[in-house]
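Below is one structure. I have some questions about it.
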Amino acid sequence: MDQGSGEYFVRIGVGSPPTSQYMVIDSGSDIVWVQCQPCNQCYRQADPVFDPADSASFAGVSCSSAVCDRLQNANCHAGGCRYELSYNDGSYTKGTLALETISLGSTMIQNVAIGCGHTNRGMFIGAAGLLGLGGGSMSFVGQLGGQAGGAFSYCLVSRGNGSLEFGRGAMPMGAAWVPLIRNPRAPSFYYVGLSGLGVGGVRVPIPEDVFGLTEAGNGGVVMDTGTAVTRLPELGYQMFRDAYIAQTGNLPRVSGVSIFDTCYDLSGFVTVRVPTVSFYFSGGPILTLPGKNFLIPANDGGTFCFAFAPSSSGPSIIGNIQQEGIQITIDGANGFVGFGPNVC
């Protein structure tokens, strides 16, 4: 598993014989899709674009298929099931739904429903598509069913190779387990109960309902490998940021960069001591992050920024920067997410 442009890639094989492709891993999405020939519109990727004509196992899905019925926003063209997906950053993919063989190392999984994208636009620099690992039945984990027992484990690293494992055998002993919260309005997302945030071992007095999931399905907090930066509600973010600034008064501040409003000039420092940042989860577990998970380089000139951002709508998101270096296990079947005990 490798890091791309704020995303993490996994190397898989598509088709028979398998064609190697880099795919973005996205725990907030339910669809597996790959760019396909013929391309009406494709962005640049590291590998040759997958050509279904070269695969003996590629089979189109008909409109009358039960697989097509499970797909949101499906439509028909010439009897074939078509899909269309768009993302918050303006990326999108359109094409046909098919059944195909996916290879993970020497393991082959047959008849995986994938989107074969002929019209694609995206920020997926280098990747051929997206491996959806969300909580719905059409995600890769959902399609594995009993083979994976609804569980997978991953470890994200910014340099070198991380890991992505499927099945209950990948579940570690000694993890700190947090219950998943079901949101019927967004079954793809893995919601967790976040009760608060801490800086330097001191809990910030943010009202707990700031992070709550309402009965209408609004708000809440999701774990997402496909989003880089953790997003928080305006009030929670401001109180959290101000607490961090109060404990870093010895560091020189500079203007904000991009979505980051709290940045520092660390060019004159060999080492820097910064306060820890912690997530307080409902039920007791506390996840304390090392500095590299929240104070990140914004340029080559020594500017580092506090890697959180406010969000005015939607759920809060614990992004992949904050998840780096921590073994994370999703047990969707039993409704838990585990942190640790291993680091990577």
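Glycine too: its Cβ is placed from the backbone N, Cα and C atoms.
Automatic prediction, not curation, is the source of TrEMBL annotations.
Straight out of TrEMBL:
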| type | residues | note |
| --- | --- | --- |
| ACT_SITE | Asp26 | active site |
| ACT_SITE | Asp224 | active site |
| DOMAIN | 8-340 | domain 'Peptidase A1' |
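Surface or core, plus neighbours and distances: that's what I need for these features.
Under DSSP, Asp26 (active site) is assigned to a strand (E or B) in the three-state scheme.
If you draw a 10 Å sphere around the CB of Asp224 (active site), it holds 22 other CB atoms from the protein chains shown.
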In the three-state scheme derived from DSSP, which category covers Asp224 (active site)?
coil
For Asp26 (active site), just count the other CB atoms lying within 10 A of its CB, please.
26
